[in-house]
Amino acid sequence: MRKPLIAGNWKMNLNHLEAIALVQKLAFALNDKDFDKVEVAVLPPFTDLRSVQTLIDGDKLRIVYGAQDLSPHEAGAYTGEVSGAMLAKLGCTFVTVGHSERREYHREDDDLVNTKVLAAFRHSITPILCVGEGLPVRQAGGHVAYSVSQLDGALRKVTAEQAQSIVVAYEPVWAIGTGEVATPEDAQEVCGALRTRLAELYNPEVAAAVRILYGGSVKSGNIAGIMAQPDVDGALVGGASIDAGEYVKICRLGESSG
Ligand SMILES: O=C(CO)COP(=O)(O)O
């Protein structure tokens, strides 16, 4: 049985003081003890992680956290990079890898994404592997093949044991930050195909264990329909995750529709 996951990708928003304020608001709303049917995560910028860790650990909050990227390297002369070991030391549960904004603005390709997935596993951090097509690919009808090939590329040398703990996020680029959300059927089509591919690459047990999220303009008004789909196990939320009231609503709806 897959526990639904709602993860908030803050992107490059909120300094560490603003991060503390947001987590305090979320904690107040989400910390009642009935709220245990969904896992709630926040993914702040690197500079906020220590503050978020201190708050969550200190108050034993029911929120987990992670980073938005990591280096494929272990340590050394890699100016500007942050290693998996550093993130593990900060108690990160998750790290997003292969987000379309990294693929587009930092030219990350499937090979680099693959080395980052492997780096996350070396430090027992769960990768949230992002895949998804742009508008021209969608219009040409190639969205399933494109997303599946990104999955294949990212999972090279990943064992079945590792793969069963991964989180995959289907984020069609045309739906990110545009207000144009995929229909529940669009989300199911690709998430279902990704699960089928996991069964082919590994085995049915791995496919059944992996949580597959949808991301792209998720709001409280559209989450329920998307999460009602059999192969959608939660959401990777961008803009709406830095609005405490809206994110709490999304998490509550995720809990009841998961
Ligand atoms: O990129 C996303 C999450 O990783 C989605 O962003 P939005 O929810 O702002 O469309």
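Using the three backbone atoms N, Cα and C, a Cβ is placed for every residue, glycine included.
Unlike curated entries, TrEMBL annotations are predicted automatically.
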Same-site residue for substrate (record: TrEMBL; known: Asn9, Trp10, Lys11, Gly177, Gly238, Gly239; options: Ser147, Ser149, Ser217): Ser217
Distance from Glu171 (active site, proton acceptor) back to His99 (active site, electrophile), taken between C-alpha atoms, in Å: 8
Contacting binding-site residues, sequence order - Trp10, Lys11, Gly177, Gly239 vs ligand 1, Cβ under 6 Å: Gly177, Gly239
Site with most surrounding Cβ atoms, counting all protein chains shown within 10 Å, from the binding-site residues Asn9, Ser217: Asn9
